[in-house]
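Annotation source TrEMBL lists transmembrane segment at 32-58, 70-91, 111-130, 151-173, 193-222, 301-322, 334-357. Annotation comment: TrEMBL describes 50-354 as domain 'G-protein coupled receptors family 1 profile'. The feature region 'Disordered' is assigned by TrEMBL to 269-291.
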């Protein structure tokens, strides 16, 4: 580009100045360089190994291959690719301040990075929605568990929506504008300073998902609280009317019909589904405590996922919008870098949250990490179920 053309675009001159400042600030001293390199490599190892463990769990433990758990697999795949491709490509760029891999790989890296991060967000929404249905609409939810094609369609929709959100803009923005405003030794999206586009995209990528996940978890909490109240009232009523039935749960209420009731409610109480008890509409003492305990654990684990998601994504999203609005003059570049890596940190945390969601993941992890401890009658019984 000639000097006359660059002089007619003040924004392009500003981008050049920003580039110079980034490169000058990226000349790290020896100890700082080694420390940053060690931290980045550690993050890559944690992300890759953690999510690989989740993916391997589906191969080792067939009991995980249920519709609700495939959404966790979808999330693990997106997070795994973040650690296997996006971060390793970005590490030299961060440490040197110069992009030396060419414009083609830059485009590919941008598409993959935005795609995988957006897919991770949408997978969290899908997981929360699935848990919402399992707690609030247990009967219809269990009836659809055998329809695996519905889960596949939802998983594909996550990836399509994640690509449509940023992919076309990354690929075709330069063609629509007529020229590229990204310097040769830099790599960022052409809409880097387009405030209107970033605000619209952030609404779909962060604000709407966060509101949706918060709504799902609040609904789960309210549903659990209502059921706890009903369970407490029913339990008190049965204690007053049947004082002799205090010895254990599932004691028959009569000589014949009570035995049948105990047999009916004891079968679904062994299921791994958190809300299977809803299949029996009659109030019983034997099924409510275990079902409500499982639902309470689900609500707590999802609340942790939501909080981690908000902490990792909110700073980056807000700074990105503010930076675009003031064209980078009000946000120093190192703060943007911190929030950028905080966003990737979410992919390292997610695998450690799975055991909080399902005991089945804990069993699968133990089977992989400690194979000698799984030859027990209990594990054999679970495998046969």
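Using N, Cα and C of the backbone, Cβ positions are placed for all residues, glycine too.
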Stretch among 32-58, 70-91, 111-130, 193-222 sharing the most Cβ pairs under 8 Å with the transmembrane segment (151-173): 111-130
Recorded stretches the transmembrane segment (111-130) and the transmembrane segment (32-58) touching, at least 3 CB pairs under 8 Å: no
Cβ-based contact of the transmembrane segment (70-91) with the transmembrane segment (193-222), 3 or more pairs under 8 Å: no
Model confidence over the domain 'G-protein coupled receptors family 1 profile' (50-354) (mean pLDDT, whole number): 78
